[in-house]
Each structure stands twice: as structure tokens, then as C-alpha cells.
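Since the structure comes first, as C-alpha cells, the remarks are kept for the end.
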Amino acid sequence: MSSTEHRQPKHYGPGDLQTYLDYSISTPESSDVHKPTLESKTTPKHSEEEDLVWVIYVHGGAWRDPSQDHRTAVPTVTKLRTEKHKATTEGKIAGLLSINYRLSPYASHPSNPSSPADTQRNARHPDHVQDVTGAIHFLKKEYGIKRWIGVGHSCGATLLCQLVSSPGLETAFSSSADPRAGLEALILLEGIYDIPLLLKNHQPPACPEKIAQIYHDFVEGAFGEDGEGEEVYRGASPTSGGYGWERWRDGRLVVLGYSNGDELVEPEQRDVLVTRFKEESWAEKGQVEDEDGKVNRVVEVRDLKGGHDEIWEDGSQIADLIVDVVDRLSK
């Protein structure tokens, strides 16, 4: 993908992993997306640019895998740049911003084990979501973002839900600094939304002891030991969060993508989050539209194809979802 693939990430924070990379969608020959200057903010062109939708991408990797970072967005960017999506990407999408964040320990990683001395790889909840929140604060100011959608894969989907529903964020956001402002939609892919349910589904005899230990290790590494009554893991789960209008005022659409070929995360994760959104007065596709025919607080399920990581490795299904969501938001 030309030089875009090899650019160094930029910093939103001081740490080595508190970084991001911007991708221009409509002009692949350009490395960087346009950032408004003080002078440009008063021009008609800038006014039009404020109507464009930004895509903010959050990678997965079980909160700990160093091999998954901002570059997992590259296949999606490549697909977005094709002629197939030109009508949407050139007129409706400002660019894509892919975020890194501090990771939890992974001392057993086969090629890049973490060290106890590395503060960037010994994160514990809510460090991850606080990094995502800090990144979005920075990016909104840096790029003049007014409208955006979040795309998250695996635990990246978890983090976006936590950003919206606030579990692990100690104080409420002020209206002037709320990172959720302008967030109109979420595309959540193969995500983890109920942590106790994930662990329950990966216990013997449902799976071998060795596999169960892997799930236990990455959850404990990210969230610490659970308390009595699953209070820690339950409290951090997106299914325990709030998604009502008073918390997420700009929310219009949530798309939950899941593949039956996912070998790591069960479809129950999707199902329990759909139930939670319905409890928060979101409706399924087609049930709620405003008087102009626009989507309005709709949650819907999309069937995907492929294994857990194949979803981002290919990128075509994610690109299709992004274009569909942006088109619907732009009506």
C-alpha cells in the first residue's frame, strides 16, 4: 500500500504505545490526511469538511498481543480506496485514524514477551480505555473532528463500548470535553461484551484445560483478579454499561458484526449486547427512523465470514460496513 504502510505512528501521549496513524482514504498517494489550519477554519471548504465523517479504528489482540496494532487497519484502508467505494470515500469520509494503546502483560508471547519493567506493556483496566479516551480527545482537537464513527475489532470493540458506557472511567465527562460528542455510530466486530460469560464458555469440559488457562490469563492480565460475585469482570463488561440518550446523545446506529467461523469468541457475546441495547431503548433495524428517513438509535446484527482475525486481515467486509454506515448517516 505504498509508503502508507511503513510510516511511523504519531503520538497522542508520551508513551511508546500511546500513538496513532492517520490514513487518507480518497487520495492514496498522500501520506497524511488534511488537518485544518486556523485560517482554513473560516473558509467555505472547511464548513463542508465539518460534514465529513471520520473513522476511528481500535485494534484487538486480547488487550495484550504486541503483534496487533494500528497496522491492522491497513487491509480495510486498502479496500476503502478501491473504485468500488469511491462515491462514498471521496465525498463523505474525511479519513481513518487508527489508535494504539498500552497493553497488558504477555510474558509468554513466543517472539516478543513483555517485561515487568515496561510500563507500556503492564497496563490494567481502566488504562486501556483511558488511553483510547485520551487519544480521541487529542485527535478531535488535532483534526477538527465534528462527526465520527468508531470501528473496533475484538477487545477494540470492547474498548469502544466502554468509552460510551463509561465502566472504568472514574469521573463523568464534562459537556465540553466529552469524547463521545459527535460519535454517531459504532461498528463492533467479534467483540467481547460479557467477560464472565466469555470465561464460562471457555472452561472444561467445554474446552481443554490449556485453552481455558489462556482465556483466564489474558482476562486476569487485563482486569486483575475477580472479586466475589464476579464484581470486577461484570462491572467492566459492556453489558453492564449504559447506552441511553442521556449518556450517548449523538448515537444513531450500532452494527454488531459476527462470523460463525469465529473460533475464539462465541455468538452469545453479540446476543447479550443486543439485548442490553434494547434495554436502553435502542430498536432493531427498520423499527426506528426519524421523519426524514434517517436511522435513529438502531442496533443491528450483520453476518460476517471467516475466522476471528481473518475479518481484519482481509478488510473487505469491514470496508463494506464502513461505507454502508456512512452512507446511511449521510442521508
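Every residue gets a Cβ built from N, Cα and C, even glycine.
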Annotated stretch (motif 'HGGXW', per TrEMBL) among the listed ranges 59-63, 74-78, 154-158: 59-63
Between Ser154, Asp262, His308, which of the active-site residues has its C-beta surrounded by the fewest other C-beta atoms within 10 Å? His308
Which numbers of helix, strand and coil residues does DSSP report for the motif 'HGGXW' (59-63)? 0 helix, 0 strand, 5 coil
Alpha-carbon spacing, Asp262 (active site) to His308 (active site), which is rounded to whole Å: 5
Rounded Cα distance, in Å, between Ser154 (active site, nucleophile) and His308 (active site) is 8
